[in-house]
Amino acid sequence: MKLMTMPSEFQKALPILTKIKEAGYEAYFVGGSVRDVLLERPIHDVDIATSSYPEETKAIFNRTVDVGIEHGTVLVLENGGEYEITTFRTEDIYVDYRRPSQVSFVRSLEEDLKRRDFTVNALALDENGQVIDKFRGLIDLKQKRLRAVGKAEERFEEDALRIMRGFRFAASLDFDIEAITFEAMRSHSPLLEKISVERSFTEFDKLLMAPHWRKGISAMIACQAYDYLPGLKQQEAGLNHLIVSLKDNFTFSDYHQAWAYVMISLAIEDPKSFLKAWKTSNDFQRYVTKLIALYRIRQERSFEKLDIYQYGKKMASLVEDLRKAQSLSVDMDRINTLDQALVIHDKHDIVLNGSHLIKDFGMKSGPQLGLMLEKVELAIVEGRLDNDFTTIEAFVREELAT
């Protein structure tokens, strides 16, 4: 198969391939970018594979950076762009089902492609637009099928994260997993416990944000892979609820919303501990935990002005999106009205602060001062007090007198 026209991302990188070939080596576009071009999807990263060894690659170009030279990767700075160029390689026995014990550089494109995970990711493209397909990846693309390169059992024994990648690709590409590949994923799912939580989180996160995330979750359920992921053991019912409780065409607005609804569906009692098990950042834990709290408030009643002030318009909108996807009542107009009615959106918007209370009223720093500032803040938010210096001073005097 030959492309009639090269996408602009590849055209810009063609001089890189040309330079390498003029130096006497082979060079090809490889991986996900080739797959995405053939599927008419946006290209995110342009990866280049070559028969030149790292030091040979560095000798060809003036500006290079060693970003992973032990694995054969050199970053080339050329034509206003940055390109990762990786030497063809083979990999020895994997240790801990995660990483190869040794990487060996080779001159053969086929040897390099056979170590990849799925046939649709094992395609290469030369400078003339000719697709090199050693493992029937083009047929799998046409039939929307995800199939492991070579022996599926070996691919997942080498790196068990490929199981999570399989779920993610099913979700992002809307592909079905080929039967032998699926069975190998199922039988090797216990190996996911060997994978770092951070790597699994990245794949699960991408799955949740994919347009066909239900397909990925369904495959995960069918493989019983969830039993080997943090906080998901024996959560088949919760994951099924996640799939069926939202409208078929619903996709998550952002990953905070996605993870919040995962925990809502699973009826997680301690969201922070659940997210800690996934080794997420403290900021992520705080935001998602607040989002769940606001969701539960909304289950009980309509939003009030204080809710919008404390949680923000964006978070309230994420909650309403989830309610709409469940065919529950929504009121975006109310959110907008309440937000517009807020005199302040943050305590720093208040014209009087703690320094003024210490200076003008002789208050001391401590709990009493903090409590007074909270009273002022609440009164302004609820509309009982104008955000005016003189008015606030009068309010404080009255409070101190009681």
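Here the Cβ of each residue, glycine as well, is placed from N, Cα and C on the backbone.
A helical conformation is recorded for Arg162 (CTP binding site) in the three-state DSSP classification. Within the same chain, residues at least 6 positions away in sequence whose Cβ sits under 8 Å from that of Arg162 (CTP binding site) are Asp117, Phe118, Ala148, Arg155, Phe156. The CTP binding site annotation in Swiss-Prot covers Gly32, Arg35, Arg116, Asp159, Arg162, Arg165, Arg168 and is backed by sequence analysis.
Here Swiss-Prot flags Gly32, Arg35, Arg116, Asp159, Arg162, Arg165, Arg168 as ATP binding site, drawing on sequence analysis.
Here Swiss-Prot flags Asp45, Asp47 as Mg(2+) binding site, drawing on sequence analysis. The Cβ of Asp45 (Mg(2+) binding site) lies under 8 Å from the Cβ of Gly32, Ser33, Glu84, each on the same chain and at least six residues away in sequence.
Here the C-alpha separation of Arg35 (CTP binding site) and Asp47 (Mg(2+) binding site) works out to 12 Å. Within 10 Å of the C-beta atom of Asp159 (CTP binding site) sit 22 other C-beta atoms, taking all shown protein chains into account. When secondary structure is read from DSSP and collapsed to three states, Asp45 (Mg(2+) binding site) falls in the coil class. Around the Cβ of Arg168 (CTP binding site), 23 further Cβ atoms fall within 10 Å across all displayed protein chains. There are 21 other CB atoms within 10 A of the CB of Arg165 (CTP binding site), with all protein chains counted. Residue density at Gly32 (CTP binding site): 17 other Cβ atoms are found within 10 A of its Cβ, drawing on all protein chains shown. In this structure, Gly32 (CTP binding site) is part of a helix by DSSP.
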